[in-house]
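Data block below; observations after.
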């Protein structure tokens, strides 16, 4: 079954278990059953002309200098429940999307089919990948599918709590103390520690919509990639079916913040996350941003997953002229 056709997952048992666990640990905690969906004003245009020095944080306009700290607070709050968060945001199929994303990229250099003069392995940079979800899949694929024991992944994230979660999870993999996996704290808009033309594959999954200056991050991706290197982004996007879009938005704005309160004791972070999806550029708009950064875009530039709940975008850095 493809990621685009995967059925909706059911979370009732998980929600109840998490709620009971939270209630036992914090019996005094309460929450309002009133959702913000019905009260929420329509969001501003997806490409607002924000005042100089301001940007959006969900539907809120904030100083650019404040957004990074606000986003950090969100992800510090959800780091320990990150998988559950993505389950609720994606109706449970983010795991299938990630598997499809990695298979489609086919990371690694198979020694049986590569030229003897080719470099060993790929150098992969996974941005906003703190928990290691994509990195572990990349290394597993390179090792088991392409017989490549040399491909390495650097996981970069601006949030130390997410990186700590990734390092903890890495202990359950073969890569915990391997030179093939590295975690670094870094801002995607300023990757000074990554040399020019040094990366074969740059990935970012469910992260770029939280960046303050997406155009700057795209230019940094272009800089660090080798000529011929690939930029690949998996992100929530715009549903392409009007009826399903209505249902999905009702779920997102009504249910997800409430579930966030139940499961993580944090309604506001989940409210921001659904608002950030609404504010993210459409598929065509984001494709054009990738082009503007200098990338060549194959085909239409993206692949919709599950009627556009998410999309995979790609760009290729042009090969250096001979």
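Glycine too: its Cβ is placed from the backbone N, Cα and C atoms.
Residues or ranges marked as S-adenosyl-L-methionine binding site in TrEMBL: 131, 157, 187, 188. Applying an 8 A CB threshold to same-chain residues 6+ apart, the list for residue 157 (S-adenosyl-L-methionine binding site) reads 127, 128, 129, 130, 163, 166, 183, 185, 186.
Annotation source TrEMBL lists compositional bias 'Polar residues' at 30-40.
Annotated region 'Disordered' per TrEMBL: 22-59, in sequence order.
It is 187, among the binding-site residues 131, 187, whose Cβ has the fewest other Cβ atoms within 10 Å in the structure shown.
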